[in-house]
Amino acid sequence: MPKRTDIRKVLVIGSGPIVIGQAVEFDYSGTQAIKALRDEGVEVVLLNSNPATVMTDPEFAHRTYIEPITVEAAERILASERPDSLLPTMGGQTALNLAKALAEQGILEKYGVRLIGASLDAINKAEDRQLFKAAMQKIGVALPKSGYATTLDQAMSLVEDIGFPAIIRPSFTLGGTGGGIAYNREEFETICRSGLKASPTTTILVEESVLGWKEYELEVVRDTADNVIIVCSIENLDPMGVHTGDSITVAPAQTLTDREYQRMRQASLAIIREIGVETGGSNIQFGINPKDGRMVVIEMNPRVSRSSALASKATGYPIAKIAAKLALGYTLDELRNDITRDTPASFEPTLDYVVVKVPRFNFEKFPHADRTLTTSMRSVGEVMAIGRTFPEAYMKALRSMELGRVGLESPELPAEKEEREKVLREALRIPRPERPWFVAQAFREGMTVEDVHALSAIDPWFLRYIQMLVNEAQSLQEYGRLDQLPDEVLRQAKAHGFSDKYLGRLLGYPAEEVRAHRHARNIRPVYKRVDTCAAEFEAYTPYLYSTYEEEDEAPPTDRQKVLILGSGPIRIGQGIEFDYACVHAAFALREAGYETVMVNCNPETVSTDYDTSDRLYFEPLTIEDVLEVSQREKPVGAIVQFGGQTPLRISVPLEKAGLPILGTSPDAIDRAEDRERFAALIEKLGLKQPENGVARSHAEAFKVAERIGYPVMVRPSYVLGGRAMETVYDVASLERYMREAVSASPEHPVLIDRFLKEAIEVDLDLVADRTGAVMIGGVLEHIQEAGVHSGDAAATLPPHSLSPDLVERMKDQAIALARELGVVGLMNVQFAIQGKTIYILEVNPRASRTVPFISKATGVAMAKIAALCMVGKTLKELGVTQEPEFKHVAVKESVFPFARFAGVDVILGPEMKSTGEVMGLANDYASAFAKSQLAAGVKLPKSGKVFISVKDDDKPAVVDLARRLRSMGFSLVVTSGTHTYLATKGIEAQVVQKVTEGRPNIVDKIVDGEIVLVINTTFGKQEIADSFSIRRESLMHSVPYYTTVQAARMAVGALESLKCTELEVKPLQEYLGINAAPPGTRR
């Protein structure tokens, strides 16, 4: 069936900010979908609030709205753009929920817009657990025993029948938000309350426990002619009970019998037909009881998902692109497979390799959170590895994780035998992020495959391979010396995924010596293609992975090449922003005539799409893996400054091994990162930094802190995302920090800085070329005061309170620093301003996480310009010598995962905790801030009671805010100290007890829904601890809270702006003065 002619203009909804459960994979799928629609001549309008995405670049969609993903904003866009269709399947749960709301409120009908990709009926049937259950019963597909509840009482009566443990799954939520596993009545009540609150329809499913069953997923694609294909089967190594996003997964499924696979396949076809997904991809999850083979369906997603991104990367089959074209009316047999160019898209991919995905967690950022993995997703990123066998792919995946582990090393265990056994058995029984290493340790301690299976419920097939790897490591150790190791033994170890570093650890040699020995014996990897067809047809896209076999499938070309090192797994502190920079580098260098070679191991990203670069190596970002690629490809050089800390960490050894590093030299990077060299640099240029010192032992730390005076900021050297960074208020806190957070040593010193009270922090990004010319990209003023990590702080561009003179002085200082360091490419400087004094906090001669934001706001593609400077172009040649000028305001706001981690304090500090960001664009600061809050999911109130409690220093500043709130009709609720102060200024307010003063107190009022906004500032360890429950309950009850006066001031301005005017929506292209397709007309 050829393409429909009635689809000419489509609104695509993106997924908004990166959150746990909905991450970078939707930038990948959205970018693919937009390209596919444009290729077909369709006009594309995009709504997405996330500026760090490639899809929101102004050249992708015809009209790009970086606006809150809300019904109000979407309706205004529909009214002005008048698209004929809406594609909701590329933006995760956020897009589906918005499309559902627009349809049910009659807004789509009002503007004559149809849903494509998935009908409202299909969305409801798949997402509403009650309708899904009825649909499954109709076609005779079994589900776990379950029932629905819209109240706690209904849930309690259901569990009487279902029994414990019980699984709670809220409807229409993301990544299992609000759900969990309850083992008793108390846990059940707590999880049900949070599930009912999390579900937009206030419905939960209470389900019998299928804990310990095997879990599988099928990626299914269907077209309007009812052709259905299975793109990929995925098996979870972790059994049921762990969210699939938190499980180690393997593709294709390894332990299904052919009969079981056919049953599952037939069920999938019946399900996708009954639900009614006609055009596009769905992900269907199944559980199988290993004891009797009983199969049940768990759930389905009627959209592109995290798993479909993984399946696309695992198979080379671009699900999102195909789904977008199917939504236009094509059938599978009419579409070509890009990789082979010969086969139609209706051919199911065949794999002659194994893919392993391992999730990446960030529990170290939330030390008080429970690390147990359940049905509510907690991982922030993932890695994927490809090998010819499961052991090879598994070992490659584990070393891709960047956890400091290079293989199956022993985890820490108590020395005492009984205690050791108890800890080990618990680590096998309870799923936590470190379980893979405990499984290996169990075999070292003499446990059998049956013992480990009984405790962990991991399938014996996987356990036997892990046991084999442990035995192999032990027998390698017995050789004792490299020259005693037979070539065939070394070759087999490499074929099983043992890295040079792991072999070196086992034999007592540095990795370089193992590598030299291996090369001398001519043991090197070959590279195979991911080709969708197990090498049956020729593949045209070089999408490659390494393995230790004979035949090489993709010899390098003789073109000039640049190697780009990606950023590995997403984690807090190293997010999508760095992938964005790598993608831009690939685009720019390809346009400049270079062959681009990308190395990365993250399946969620645009950088690992098969057509982003000329050659893609899906490999771990380790010295060994990168050197093997570079020695084969022989690039003119490598770009390491775009992928965050991951490539920077390995840049010096790569340079030593003969790989030229493009742009800023590794030595200059070290001058900026090494505290003592940095202090000398600041002194040489006559600049200032906060008083500081370096401690190489506990005793030194106390001396330095005493000299500087408390409070101080403490942190380890060479970190990203403020890892283990803390504000310390007294000797006792420093003692605890030194004991628990870091181990200070000559190699790993601890940095101690004076804490700058009441200072304003500023980020500045620039590009420099080889001649010393500099272009300032933008200056961002933080809304929170100094002391909050720059990745967490809200910020405005241009600055909102700094004098032009101060801004010019900062620019001059940044240019002097760039020239002194010899920066070629990007550089970021963080300043703190106290009064009229400018302090330099840090200099990062690399891409920073603010680059995409500044590039979006100004229309200047900084990463592209920087990449071209790194291969020798000058800013003058590129025609960008002036700082970009613009008349609008952009506000960056961060998004946090606190709701997923019970008991974690939401107060911000020097350690980064946000997972993503949003942007507010408007012509004034108040409206831009209001948009940023709405985009971040903050519900700004129109009326009601505002709670104010501030530290003494902030009392004068809060008077004006209190007056403005009163004049808007809000009433004030305050603590006694603030009440006394406001009374002297003639401001009326009601007094409420502090948490420490008895009940009913402020927390009771928040829980009872009486408070609509919280302004609560604190300083000092005790005050912060005392007010913890105010912040936590505000978060859990969706009450906006502001913990600094600056943020409260912006919020009050935003409330005034919302009172006076409707927020307008405007495409990015209009803000930037870029010509886009004319709006409003259907052509």
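Just so it is clear, glycine is given a Cβ too, placed from its N, Cα and C backbone atoms.
Listed features, source Swiss-Prot:
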BINDING   ARG129, ARG169, GLY175, GLY176, GLU208, VAL210, GLU215, GLY241, VAL242, HIS243, GLN285, GLU299  ATP 1 binding site
BINDING   GLN285, GLU299  Mn(2+) 1 binding site
BINDING   GLN285, GLU299  Mg(2+) 1 binding site
BINDING   GLU299, ASN301  Mg(2+) 2 binding site
BINDING   GLU299, ASN301  Mn(2+) 2 binding site
BINDING   ARG715, ARG754, LEU756, GLU761, GLY787, VAL788, HIS789, SER790, GLN830, GLU842  ATP 2 binding site
BINDING   GLN830, GLU842  Mg(2+) 3 binding site
BINDING   GLN830, GLU842  Mn(2+) 3 binding site
BINDING   GLU842, ASN844  Mn(2+) 4 binding site
BINDING   GLU842, ASN844  Mg(2+) 4 binding site
DOMAIN    133-328  domain 'ATP-grasp 1'
DOMAIN    679-871  domain 'ATP-grasp 2'
DOMAIN    938-1078  domain 'MGS-like'
REGION    1-402  region 'Carboxyphosphate synthetic domain'
REGION    403-554  region 'Oligomerization domain'
REGION    555-937  region 'Carbamoyl phosphate synthetic domain'
REGION    938-1083  region 'Allosteric domain'
Residues of the region 'Allosteric domain' (938-1083) by DSSP state, where helix covers H, G and I: 70 helix, 21 strand, 55 coil
Residues that sit under 8 angstroms from VAL242 (ATP 1 binding site) by C-beta distance, when 6+ apart in the chain: ASN236, LEU373, THR374, THR375, PRO431
Inter-residue Cα distance where the pair is GLN830 (ATP 2 binding site) and GLN285 (ATP 1 binding site), in Å: 46
Residues ARG715, ARG754, LEU756, GLU761, GLY787, VAL788, HIS789, SER790, GLN830, GLU842 binding ATP 2 per the record - widest CA separation, whole Å: 18
Distance [Cα-Cα, Å, rounded] between ASN844 (Mn(2+) 4 binding site) and GLN830 (ATP 2 binding site): 8
Structural state of ARG129 (ATP 1 binding site), classified by DSSP into three states: helix
LEU756 (ATP 2 binding site) versus GLU215 (ATP 1 binding site) - Cα distance in angstrom: 52
Binding-site residues near GLN830 (ATP 2 binding site), in sequence order, restricted to ARG129, GLU208, GLU299, ASN301 and a 10 Å Cα cut-off: none
Whole-number mean of pLDDT values that fall within the domain 'ATP-grasp 2' (679-871): 89
Entry from the binding-site residues list GLU208, GLU215, GLU299, GLU842 having the most other CB atoms no farther than 10 A: GLU215
Which of GLN285, ASN301, ASN844, the listed binding-site residues, has fewest other Cβ atoms within 10 Å: GLN285
Protein Cβ atoms within 10 Å of ARG715 (ATP 2 binding site), excluding its own: 20
Count of other CB atoms lying within 10 Å of the CB belonging to GLN830 (ATP 2 binding site): 20
Neighbours of GLU299 (Mn(2+) 1 binding site) among the binding-site residues ARG129, GLU208, LEU756, GLY787 (Cα to Cα, within 10 Å): ARG129
Proximal residue to GLU208 (ATP 1 binding site) among binding-site residues ASN301, LEU756, HIS789 (C-alpha distance): ASN301
